[in-house]
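**Student:** Starting off with a structure, shown below.
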């Protein structure tokens, strides 16, 4: 449930840049337009070269026909006059004698510098294009010169029509490309539109329903990734809501009891009020302190849980042997009547120092809580393979029934027998959270299967690597064990590191 009123979210603002759909359409149009322009230039150049080459071939053929027929020598006037019935202009020049011409209506065969050079005998042949004609001049063997020209207007008319055809076809191609690009883009971006609508729906309404996935392309994978994000967000919100609800429920009981005791103390100290007996006053104050301690523990556990849920951890190399030592020292301050049998190796885990320390502390606290006075708790950290080690914390308590072993790691779960003991029901939940966040595994077994009591052993599998063993002067190989006594109790510490004995 929400404790605070949720403020309305501002609608998402549209960006001023072009949409992806329009950009894809413009890209398709640009590419097609570029191809059309290049193809049009190529087609125009090829056809133009072919038409003008054909005109040159026609002029050359007509000249060769006149020369080969011998008519220019036998009857030049009649030969030149015969060309008037075709589509060419002709001129035969006999220097110092005569000039014969035959021209099409409205046309004049142009005589320029190139043609004059042929007539003077300076050139054997020339070709050139004037304003609207193609002119061929050839020097004959008898000293005369033959000039033939053809109008370019029909060719230019064809090229002009070709330009219009290419322009129209290119425009149609660009338009078709734009329409096709728009249709393809619309179909291709439909999943993106669904993702956008889903994101806006989440922002407006907190609706975390998954989006249907169609196909198996990149957009389908993007949709699946978005659905995974929605599921993770839904699970996170569910955890937050459950944590807030459970915390409110768990805090209500100690707060109510604390309030009652404080009110009773204040009432007994009011002027004229009857005084409580001294022993009852002492017990009442002790209850208040115990309830404050219980609240502090509960709040600390809640902070650790929320910190783990939010992923606010710093990963660094952690020596689990040091973690076990520090945690053991704290537990023994609270339970100096318990004997701890410790066997550890140097094992490095890349993870959160605070979280791993809290995990080890909670396991030892739980084992000590269920152990009778003077009992033994075993703590063993051993290597299983090159990349995994196992931390085992064992007690000789009443054990955990098989049907409850999965439940004890749930938040605020407390069995019927555990409700009479101090605790928040969050200790093993924190252990589970830390272990899973570090890629580990958990399991529970009986310490003494079939025994009475069977006891409980919690196994934690942790990935990592073996710590390098420093070579100390006078060190000998092999494990050493020592029983160390101090003012608060004893612990049997077995160090597999062979160089030192860990005193706790």
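Cβ from N, Cα, C; glycine included.
Swiss-Prot lists 487-504 with the feature compositional bias 'Polar residues'. The domain 'HAMP' feature in Swiss-Prot is assigned to 186-238. Taken from Swiss-Prot, the feature domain 'Histidine kinase' applies to 246-466, supported by sequence analysis. Look at Swiss-Prot and you will find 249 tagged as phosphohistidine. According to Swiss-Prot, the feature region 'Disordered' maps to 471-504. Residues annotated as topological domain 'Cytoplasmic' in Swiss-Prot, with sequence analysis given as evidence: 1-26, 185-504. Residues or ranges marked as topological domain 'Extracellular' by Swiss-Prot: 48-163. Positions annotated as transmembrane segment by Swiss-Prot, on the basis of sequence analysis: 27-47, 164-184.
Set these features in their place in the structure for me.
**Tutor:** Looking at the domain 'Histidine kinase' (246-466) alone, the prediction's average pLDDT is 82.
Residues 21, 24-25, 27-29, 31-33, 36-37, 39-40, 43-44 of the same chain sit 6 or more residues outside the transmembrane segment (164-184) yet have a Cβ under 8 Å from a Cβ within it.
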**Student:** Would you mind listing the long-range same-chain contacts of the transmembrane segment (27-47), meaning Cβ under 8 Å and 6+ residues beyond its ends?
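**Tutor:** Answer is 159, 162-163, 166-167, 169-170, 173-174, 177-178, 180-181.
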**Student:** Please work out the helix, strand and coil residue numbers for the topological domain 'Extracellular' (48-163) from the DSSP assignment.
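**Tutor:** In the topological domain 'Extracellular' (48-163), the DSSP-based counts are 54 helix, 31 strand, 31 coil.
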